[in-house]
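Under the heading Mg(2+) binding site, TrEMBL lists N7, E384. The ATP binding site annotation in TrEMBL covers K14, H208, L209, G210, N211, G212, D283, F284, R285, G331, L332, G333, E334, N335. What TrEMBL lists as substrate binding site is R91. TrEMBL lists D148 with the feature active site, proton donor/acceptor. If you look up TrEMBL, you'll see H180, R241 marked as site 'Transition state stabilizer'.
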Amino acid sequence: MKILVINCGSSSLKYQLIDMTKEEVLAKGLAERIGIDGSRVEHKPSGKEEVVIEKPMKDHKVALEIVINALVNPEHGVVESMEEINAVGHRVVHGGEKFAESVIIDDEVMKAIEECADLAPLHNPPNMMGIQACKELMPNVPMVAVFDTAFHQTMPKSSYIYALPYELYEKYGIRKYGFHGTSHKYVSNRAAEILGKNIEDLNIITCHLGNGASLAAVKGGKSVDTSMGFTPLEGLAMGTRSGDIDPAIVPFLMEKEDMTLDEVNNLLNKKSGVLGISGVSSDFRDIEGAAENGNERAQLALDKFASRVKKYIGAYAALMGRVDAIVFTAGLGENSAEMREKICEGLEFMGIELNKDKNKVRGKEAIVNTESSKVKILVVPTNEELMIARDTKELVVK
Ligand code: ADP
């Protein structure tokens, strides 16, 4: 069975074609600058040379057509015809309270995804464009939607309700939803497998630390709390997002700096986080480099980032009553030994002991705690595409 995994942004379309018999990636790639000048597809077939296709793409449908042509091309293709693609799995950012798991896409589901667009105006509409394009180009191929929010739908109400007038939750659905769910689910399950334990018996804290970053408290395989909220802005300090701040800062800024709502929104989402503190970059590699060269604000940004992660680890340990494992994933979590060390430093009293030698690992699965550490510490590269393909297969084969 071959599954095409699609992840659409407003001007991009990421894809992977996965052969599910061996869970092997046959090809992957990215169409970018859709709808603007300079559209291109970077197509990477496994075992063959990478190609770049530069062609105007007015919308996601044209982009998908080019992707499908690349997949079946005699030279750089990986399948003989489109008929070999048995199903398509779509990443959908927001499933609101409607979707606690992945679903086969039908008209009703499409309508529900559209209804969730209010909650994720930047993400759900492009996700829908990908779904529409597939529906038009491959009308007989079953499609599945895998939601970023679904894994967190198991949170108890005490975790997801905000201390706001309750009617706002009822009227607008203002509550914590959480994101990166596919990643938190994948790495927590993978950690249990690596440890040879049943996930039902484990309390795990998963740390997805990339440009966007979030933690989840995963008790017995179920998310019971997560750091992102109503939107991805809550929680950790991120590449450019502020994460938790005193909400009173918003009206203060609007008054003192004469800012509009849009401007404040932009400041909190695009100009804050480690970029805002350091003034150097949103990329942790640049910030780590600057800090090594003595840049104090870069160092402060790293200190702030680590301290926020540490605080969430403490909070989630308290919430779950016990921690069996901490898992690091995503760009920074998988690759930065320095950041993992900084986060774990001083947590020995909680039974969290990092083995500095083992922690030198980058981008590979590894157990990096000491022999005596009560809490296991793991590095697990995330694989959201595989998780989407697995869910798709399960639903389509049923
Ligand atoms: P996203 O998918 O949210 O864009 P990623 O998971 O790809 O994010 O993570 C990107 C971040 O990971 C970058 O900001 C980069 O700073 C960080 N990163 C990647 N490799 C390294 C590394 N070797 N050392 C430190 N940070 C790294």
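Note that Cβ sites are derived from N, Cα and C of the backbone, with glycine treated the same way.
Values in this document were obtained by computation on a predicted structure and should not be read as measured data.
Feature annotations (TrEMBL) mapped to structure.
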residue : record                             : DSSP class
N7      : Mg(2+) binding site                : strand
R91     : substrate binding site             : strand
D148    : active site, proton donor/acceptor : coil
H180    : site 'Transition state stabilizer' : coil
L209    : ATP binding site                   : strand
R285    : ATP binding site                   : helix
L332    : ATP binding site                   : helix
E384    : Mg(2+) binding site                : helix
Give the subset of the binding-site residues R91, N211, D283, R285, L332 lying near ligand 1, defined as CB under 6 A from any of its atoms. N211, D283, R285, L332
Tell me the coarse DSSP state (helix, strand, coil) of R241 (site 'Transition state stabilizer'). coil
Across R91, H180, R285, listed as recorded positions, the smallest other-CB tally within 10 A is for R285
Which recorded positions from the set D148, H180, R241 come within 10 angstroms of K14 (ATP binding site), judged by C-alpha positions? none
In Å, rounded, how far does the Cα of N7 (Mg(2+) binding site) sit from the Cα of L209 (ATP binding site)? 20
Could you measure the widest C-alpha to C-alpha distance across K14, H208, L209, G210, N211, G212, D283, F284, R285, G331, L332, G333, E334, N335, the residues recorded as binding ATP, and give it to a whole number of angstrom? 24
For K14 (ATP binding site), the number of other Cβ atoms found within 10 Å of its own Cβ: 19
